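What TrEMBL lists as active site, nucleophile is 315. Residues annotated as NAD(+) binding site in TrEMBL: 59-64, 80, 128-132, 169-170, 204, 315-318, 385. According to TrEMBL, the domain 'UDP-glucose/GDP-mannose dehydrogenase C-terminal' annotation covers 371-489.
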């Protein structure tokens, strides 16, 4: 079952605060994307000197690690959590490295004693992956709860005292009941377990700030006395730094569905704007002008109104698929069709963008060099899961282009792992021959026929990058395709680029009235 060679438990003593994590094997490295059951993590927070609370977290990825780091930091402990004890953190997240560096070697060491971690915990956070099933009933839409079940069985096996179990992973509705059933069926000691839902609302790239200054904290519980008491205990941890008015207590179904709904509605917003961008490109309208006008309506607001290649990351698509499966299971077929269409538009946007590239480059990219700037699914992260760039790179390579990819935070193995998804081994081998992982922008662009911006990294903005130098090293005519609306098209056109901007017609003169340099 394990996908790694080594189980380790990271134990950090912070005065009376303990943090436990599982360390990656050396084979996985920082950018590994293999699935694994869980990382045990244990933290003791100092709510009062006479009433210590130990918190364990099973899972130390993009959610578990930052969550427990900030929990230990903020919940009235006297020292700061060190985090992962390695020269290179397992994830990239702005602000996290600095926090870890302040404490490394002072409060942190490794142990393999998983049993002790669970035995000492009062509260156990579960932050493991819930990937979409690839085979069997529900394949492609249902969530695979293998790792959730594994955590529940491990907790039941090693617990010697009453526990509060907290779902931190994004899970389908009813998962709290699944965990409770497993714990109840494996409880010869008659221990009391309470299962809470406490979904994360973090955005990669701003996770530390999101944890420090959350919009809201949602805690779902059973509505009986035991459930409400457990919810209050978790609330008391967050109350150390979160305003009480931002902490909401609801039932577990509401909490679990709220997380899925939040991500689905954000994804829906992205697809709505991208649908409009397609309309703009064939009518002469400018999507930036349209979204600016719409965003000024307070009922709509300006957030998530940026036309793009489409959404990516580990959450949006998976959570919409989960909503589709839940709706189908409850015979709400029209509801399922509605959410499925959000994904359809997202896929359409990526393919449409590539078709535009090929069409504009005289209907062929065969043997032409294409520089792709950015591969992560968004800026300020090295995460490549479900990135729109993978579709762009894959389709260009399949059309016989020579694709050179540069991203400041994405390693070659991570890029290739994502490109392998959804294609046969034979297809991947052919694609891989056409792709090069570049070390710099100029290396990628030298001799290129076109530049394609796939990730909105700040360094790719024309205010930060020397596009005159890029233009000099490219073949002419030099095309630039902006899939993230981060460059001033008029400015680059004056340099000599043939600029194509998503959401604007090819023949349209680029209007700078609504261009905003950040």
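Using the three backbone atoms N, Cα and C, a Cβ is placed for every residue, glycine included.
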Q. Fewest neighbouring Cβ atoms within 10 Å: which of the binding-site residues 169, 318?
A. 318
Q) DSSP helix, strand and coil counts for the domain 'UDP-glucose/GDP-mannose dehydrogenase C-terminal' (371-489)? A) 45 helix, 19 strand, 55 coil
Q) How would DSSP class residue 315 (active site, nucleophile) in three states? A) coil
**Q.** DSSP three-state assignment for residue 130 (NAD(+) binding site)
**A.** coil
